[in-house]
Amino acid sequence: MVLESISKIIKIQLPAYLKKLPLPETIGGFARLTVSEWLRLLPLLGILALLGYLTIRPFLPKKKKQRDSLINLKIQKENPKVVNEIDIEDLRTPNVCYCRCWRSKTFPVCDKSHIKHNELTGDNVGPLILKKKTL
């Protein structure tokens with residue numbers, strides 16, 4: 001039953017559909033087609049576009065999955081976790097900026113290396129700013 005239906009579609013209905021399509025003789029003939037003729041061509045053009053895409057898809061470049069990159073590339077890599085302790089009472093200057101991007105040459109103090117890091121990666125990391133409270 002199913003094979004008979006498929007056979008009827010392929011042998012009878014598909015050729016009849018293709019014969020009724022308003023395919024022009026020349027490329028310039030496409031410019032003279034009316035809106036209703038274009039609408040009759042849409043299913044065929046859609047199927048041809050889908051088949052074309054499925055044919056070239058294996059050759060298209062694959063999108064690489066973005067994986068998280070390491071933040072700390074070189075500072076105290078021998079330690080499993082880098083922790084710096086600073087007593088707030090020991091602040092001598094009114095403001096101190098500490099690095100959070102791990103790119104600072106003066107780590108743990110920020111040297112504004114995060115600006116270049118943010119431009120390159122689109123990240124939004126910034127320093128930790130400690131302010132001495134004035135009474």
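Placed from the backbone N, Cα and C atoms, the Cβ positions cover glycine too.
Going by Swiss-Prot, these are the annotated features:
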TOPO_DOM  1-37  topological domain 'Lumenal'
TRANSMEM  38-60  transmembrane segment
TOPO_DOM  61-135  topological domain 'Cytoplasmic'
BINDING   CYS99, CYS101, CYS110, HIS114  [2Fe-2S] cluster binding site
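Across the topological domain 'Cytoplasmic' (61-135), the model assigns an average pLDDT of 76. The [2Fe-2S] cluster site is defined by CYS99, CYS101, CYS110, HIS114, and by the 8 Å test on Cβ atoms against their centroid, the other residues of the chain that qualify are CYS97, TYR98, ARG100, TRP102, ARG103, SER104, ASP111, LYS112, SER113, HIS117, VAL125, GLY126, PRO127. Outside the topological domain 'Lumenal' (1-37), and at least 6 residues removed from its termini, the chain residues within Cβ reach (under 8 Å) are 44. Packing around CYS110 ([2Fe-2S] cluster binding site) is summarised by its Cβ count: 20 other Cβ atoms lie within 10 angstroms of its Cβ, all protein chains included. Neighbour count (other Cβ atoms within 10 Å of the Cβ, all protein chains): 21 for HIS114 ([2Fe-2S] cluster binding site). Sorting each residue of the topological domain 'Lumenal' (1-37) by its DSSP state yields 28 helix, 0 strand, 9 coil.
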